[in-house]
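Asker: Copied straight from Swiss-Prot:
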- 37, 38, 69, 88, 89, 90, 91, 92, 93, 94, 95, 96: 5-phospho-alpha-D-ribose 1-diphosphate binding site (BINDING)
- 69, 92, 93, 94, 95, 96, 134, 135: GMP binding site (BINDING)
- 89: Mg(2+) binding site (BINDING)
- 92, 135: guanine binding site (BINDING)
- 92, 135: xanthine binding site (BINDING)
């Protein structure tokens, strides 16, 4: 993927707060299931904004930085998802989302970002991303010095 969409820490918080507004009233939720690792930061923000204390994880390995590979469930939360929000950072081709949907059919499944190929697996999201665009998450980046374009 040659196109990149960079999400800063500030943007991640802003986008996830927008998602939290869509999940009101908060008292309808028993808890949050974060899809590890991409859903961990959004889950923490949702937990704060919706005052939810019960946070669990489902751990699925499907990426090596920017290359998708075979999915493997490493850990899962109990139940069918009833009364729970399942959160991930994004839905891309829908492979992980399809598995999550099968595991937690009664959950409200949301992501911060969504690409066209996977949108139909989730219930809500905030940011539309083109299918050919790689998303750079803030936890995958560091601030570093860059030389000026023109040195005098």
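Glycine residues also receive a Cβ, built from the backbone N, Cα and C atoms like all the rest.
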Asker: Provide, as an integer number of angstrom, the distance between the C-alpha atoms of residue 89 (5-phospho-alpha-D-ribose 1-diphosphate binding site) and residue 135 (GMP binding site).
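Answerer: Residue 89 (5-phospho-alpha-D-ribose 1-diphosphate binding site) to residue 135 (GMP binding site), Cα-Cα distance: 10 Å.
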Asker: Quick one: Cα separation, residue 94 (GMP binding site) versus residue 37 (5-phospho-alpha-D-ribose 1-diphosphate binding site), in Å?
Answerer: 16
Asker: Drop a 10 Å sphere on every Cβ of the binding-site residues 91, 135 and tell me which sphere holds the fewest other Cβ atoms.
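Answerer: Result for the binding-site residues 91, 135: minimum number of other Cβ atoms within 10 Å at 135.
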Asker: How far is it from residue 95 (5-phospho-alpha-D-ribose 1-diphosphate binding site) to residue 134 (GMP binding site), counting Cα to Cα, in Å?
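Answerer: Cα to Cα, residue 95 (5-phospho-alpha-D-ribose 1-diphosphate binding site) and residue 134 (GMP binding site) are separated by 16 Å.
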Asker: Select the most exposed residue of 93, 96, where exposure means the fewest other Cβ atoms within 10 Å, treating these as the binding-site residues.
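Answerer: Among the binding-site residues 93, 96, the lowest count of other Cβ atoms within 10 Å belongs to 93.
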